[in-house]
Amino acid sequence: MAFANFRRILRLSTFEKRKSREYEHVRRDLDPNDVWEILGELGDGAFGKVYKAKNKETGALAAAKVIETKSEEELEDYIVEIEILATCDHPYIVKLLGAYYYDGKLWIMIEFCPGGAVDAIMLELDRGLTEPQIQVVCRQMLEALNFLHGKRIIHRDLKAGNVLMTLEGDIRLADFGVSAKNLKTLQKRDSFIGTPYWMAPEVVLCETMKDAPYDYKADIWSLGITLIEMAQIEPPHHELNPMRVLLKIAKSDPPTLLTPSKWSTEFRDFLKIALDKNPETRPSAAQLLQHPFVSTVTSNKALRELVAEAKAEVMEEIEDGKEDGSEKDAVSAVPPPVNHTQDSSANGTQPSLNSDKLLQDSSTPLPPSQPQEPVNGPCNQPSGDGSPQNTSPADEVSKNDNGLKVPVPLRKSRPLSVDARIQVTEEKQITDQAENPSSAASKPPKVNQSRPNSSALETLGVETLANGGLELPGSVTPNHSKRASDCSNLSTSESMDYGTSLSADLSLNKETGSLSLKGSKLHNKTLKRTRRFVVDGVEVSITTSKIISEDEKKDEEMRFLRRQELRELRLLQKEEHRNQTQLSTKHELQLEQMHRRFEQEINAKKKFYDVELENLERQQKQQVEKMEQDHSVRRREEAKRIRLEQDRDYARFQEQLKQMKKEVKRSIEKALRKQRQESMRMGQDSHTQKKQRLDRDFVAKQKEDLELAMKKLTAENRREICDKERDCLNKKQELLRDREAALWEMEEHQLQERHQLVKQQLKDQYFLQRHDLLRKHEKEREQMQRYNQRMMEQLKVRQQQEKARLPKIQRSDGKTRMAMYKKSLHINGAGSASEQREKVKQFSQQEEKRQKAERLQQQQKHENQMRDMVAQCESNMNELQQLQNEKCHLLVEHETQKLKALDESHNQSLKEWRDKLRPRKKALEEDLNQKKREQEMFFRLSEEAETRPTTPNRASKFFPYSSGDAS
């Protein structure tokens, strides 16, 4: 069910599926085998094999990284690396020679570095780098990082395995497979990716917390860890498993050098400021370039010597271990393992890693020409009784220059056995220039331990699983070269009394359960390696002696298993990063689609109301025009009707005037003739004047009546139009209110919908994180089970060896003790021969009882060891389960906090939106009321203009529509 949900989360719709893309720096139309010739295999990385290739035309060498990809999505995972390599042209960064995608395989051709990786060089030479060599590497790495960070690129996987060497003594920064190329200068990342031991604290936190992203300062932390790795061969906390080291990085103080006194103050100060847990105060690469530790570097001679030594011709000579006299040396050379256990527990080292793998170094007789001197200071200090006391290199780790013990953990690595017993002697012979101090100072003799593992570094150079040695902390500076060379030879000439040391040695081995050196020395061999090389005309010869045993194969196997474990974790990281990228892409697409849909919905709603308003205005205009037309028609008809009536009235009025004239005539005719003429004349004049006055008054009254009728008609039309305009404005404002209300409702709905989508996306993101975390936890449990199984098998094998070896030891010891007892009886001469035989018989019976007790003690010890181992394995699993549960609980708790914070943020946004909505509503109402007032003002002004007296020829106007209708 969970997997189905996981598939659902990452599923894209049909139109969202990506098609094949053409990339700028990847050729698809060319078979790389036609251009390059494969010469051999260089190594096997986490995502594919690396081959040495040669260009068929130019003869240029390249490292071909061949990766099988199943889909375009997988191909895109490597495009970032190709683009970074293609755009980074820097002398200390590997160059891209070409990239091909052909037949389902991606070929990345990069610059070939014959010197190999720095971690492989340390394995080959059985030692770390000297401080001058570290200075040059650090300087060149800082210049490369400054260039990368200037291009907004975060490497995210800095370590010695990703620093390649050229024969000219320059480095090449490689492996950009997990690098990030930002689009903005201040952009930060939240991907949990990289190799655990080198991760910065802010990167570790991103495993469960994505809200605390990191930037390019994470590379500065990895640089500091890499410098410690080059000084001590292994990174800090290498003895812990990857899950525990993540907690260690996040909760502990920044790591430091195990033996700070062996290194300069500049180096220690550089590490102190580079390994700052606060990324805000951590310096940048440009600032670190001004530090005194690297600012004085002007030559790469130290690295040229290093590469020359690593690539030098090696002559090996194997000598069988001697049985005679070696047992005595072994007794005095073996340190008490109890001290090791105490040192380990005091420093918090895992008991499961220390219970059966205590470091034991045995000494090798030195040539007579070399003086026998202590190793690293007070190695052979006289004990209280005057007898010499030898200290192994493992004990030297926990002592300072004054011989006092300091809390330094044993140099071991889970889950690798480090029982290898190594003694290294270096002899340098300078033939051309015998007084060349620089060459001698740069390669001081070392006392080495077996390197537990190679930290599983997938590099583009040669990955060598050499039987290298682990240098004790501190590649010496010139100030310490004399002390280091004086301590390079461990004296083995002193021996203890055989009779007293034999039983002590046996009891020590039986008590601790460790392998007896007397038995193991019979099978050990001494490997002598002589390297001869020339640097600047100076021939240098270095001879290294190392005791090899069957544990070498065990160490190599453990180293390989550790590489496999880290490779599995890195594959999980890569897949997790791919899933996170796909999910982020899907979420961005969902948000983009949602915003686009929101815009479309809002635009559609606005368009709907705009169309409604437009229709309303058009209808209003049409209605007003129709009303004006109707008004014009009514005016004409009314005017015509009134004129007709007035014409009839006028005709009647004329008739009345005629009657009046006739009456005047009749009244005049009754008068005398003489008077009649005078009266006729005066009556006609009076009648004419009266007629004119009456006619004028009648016409004026008719005109006034017509004007009053037209004004009344116009006023009625104006009132109708005003009512229509008011009604239209009210409808328009109601539409505007509905429009704004709909938009506000959509905005609120969109806020809710966006919140739900973001909330669901957050849940999907945490679901994916839980899914990836559970897969990682399952892989860690699987690795822990394999580790516990290996520990059980190793314990069983060791117990079987001890059980088989005990009878031989008892027989030899019994013969020796019997001979010594008989010799003591003979010397003392006590009693007769029969008494002596009786004493011998009693002594023999006591020896049988003692040997039987030893066998029972060994059996009990083996049972206790097995019980302790089972308990330890269960404790390891329980501790791992507890840590995983805490991490899951932390992830769930963080998810709850994020969801709560998201809800609170949404509620706050909704509250702010509602607070802003009130003034928006108020502004809308004010605007609508203002438009109403403006309309009423316009109506009033129009009415006043209509009532003002006008000239007879001037037509009254109310609206522009009626201007042509006044007639």
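These residue numbers are counts, starting from 1, taken along the chain as shown.
Cβ from N, Cα, C; glycine included.
When Swiss-Prot is compared with the stretches 75-124, 125-174, 175-224, the one noted as region 'Activation segment' is 175-224. Record check of SER514, SER679, SER844 in Swiss-Prot: the feature phosphoserine is attached to SER514. Of the candidate ranges 468-498, 561-591, 778-808, Swiss-Prot annotates residues 468-498 with the feature region 'Disordered'.
For the residues SER20, SER632, SER834, SER909, Swiss-Prot attaches the annotation phosphoserine to SER20, which does not rule out the feature elsewhere. Looking at ASP44, ASP157, the recorded positions in this record, the fewest other C-beta atoms within 10 angstroms of the C-beta turn up around ASP44. For the domain 'Protein kinase' (36-294), the model gives a mean pLDDT of 86.
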